[in-house]
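These notes are about the structure you will find just below.
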Amino acid sequence: MWEVIEYLKDPHLVALVQEYYGVKVTTEPLNCRGYSKNTDVDSDSGNGTCHLKDEIKKRKINHSFQHRLEDNGEYVVNKADENIKHNGYLLNHDDYETVSSESETESKDYIVTNWLWYYVFVLGTALGDEIFYASFIPFWFWNIDGAVGRRVVLVWTIVMYIGQGIKDIVRWPRPACPPVVRLQKKWALEYGMPSTHAMVGVSIPFSVILYTMNRYQYPVFLGVVFAVLWCTVICVSRLYLGMHTVLDIVVGVLLALLLMIPVVPLVDALDYYLLTKEWSPIFLFSIAILLVVFYPSSDRWTPTRGDTTMVVSVCVGVHVGAWMNYQVGILQESSLTPPYAIIWPSYPMMGLGALRTVIGFCCIIATRALCKSASYATICALLRLNSQELKKSQNTIENTQKITVELSYKFITYVLMGFNTVYLLPNVFRLIGIERPTFYTEI
């Protein structure tokens, strides 16, 4: 069993996937300056060190610094200190550089020979990005089905929180470079196990199917085929871009499937209580704040906690907005019983949908910009901090003031974005006569 795990964790498998889809290495990636991957170099991507063994004796060494070999013939390059520490000597980082899963060469040592696959996988990985969530969630509420949207958002939040938390608990690095070529730098600071892209690639499309298969009349088989293709493109894209090992992807998919077994029916039952009970906002805010505060700690700063805070806060905003709609009497039970016939849009309906989408996205972007700057400045003022100096300070786990401010402003900003998506903007649409009538019966 352990041999299988080690095999799936091997970065050479990722390199084979990249080569198969047209990513060609043009030069041998360097582990240390002047040393190719064929040099006797032992690279440990977990702690960012590489050991230049007997091969270093055969190479010309820059004599601008002091050097000598240990008895076992090792030089140790320490990435964190940006120099070589060796028996009390400090060797200039200019003479050696480390390339690991978190630090790659700036030079482009690959070429893309198949641009079709490149754009397919760049698009595929975008299906698990913030820009996709910010587009998909509002569009779904404004133009498709709010009841399904609420449930899918809650499933997405639970799955993402668990996946992101496991990343910072397990702390497995992303695949080593070399042999992998990193085509994308985003999220390079995060750990890799499990792949939350793979988890989202499973949870979103399959939860949509599970929540719509008994609600609407449509060929479920086609929906399953679409969901499988969706998930496959996302998962392969993470390998293609060099961001995950095969093991990261497999664990992400299996974990998402296992989580959905209890989560999907639980969310389906919980949604009605979150929508109708008077205590719902208090419950949502209390749970969300606890989840953010007691998020699993990591050994170093990564953007994982901030991204998870955004996911949780969007979920809170969406459900509080839906609760508000119900409490003021806007949402009412439909007189029809499911499964409903799908209403295929006419040209006027498509025009209204496009108008809602354009106006809505403009308002969401404005909400994010205004709330981000206002909440950041306000929190800094309350804590008596200089906002400009705080922004320029380093991102470290010791910089608790910056972490507190950033988590707080993200929570406030994305709660309001979720709330405006589900409550404020649908009421604006209703006021100007471009609303979607069925939105108000989707309980």
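Residue positions begin at 1 at the first shown residue.
Even glycines carry a Cβ here, placed using N, Cα and C.
Checking TrEMBL for transmembrane segment across the ranges 346-366, 409-429 points to 346-366. If you look at the transmembrane segment (308-326) against the transmembrane segment (153-170), you find at least three C-beta pairs under 8 angstroms, all six or more positions apart, and that counts as contact. In the predicted structure, the domain 'Phosphatidic acid phosphatase type 2/haloperoxidase' (153-264) carries a mean pLDDT of 91.
Long-range contacts of the transmembrane segment (346-366) within its own chain (CB-CB distance under 8 A, at least 6 residues past either end) are made by residues 134-135, 138-139, 142-143, 417, 420-421, 424-425, 428-429, 434-436.
Beyond the ends of the transmembrane segment (279-296), by six or more residues, the same chain brings 161, 165, 168-169, 273, 305, 308-309, 312-313, 315-316, 319-320, 323, 407, 411 to within a C-beta distance below 8 angstroms of the stretch.
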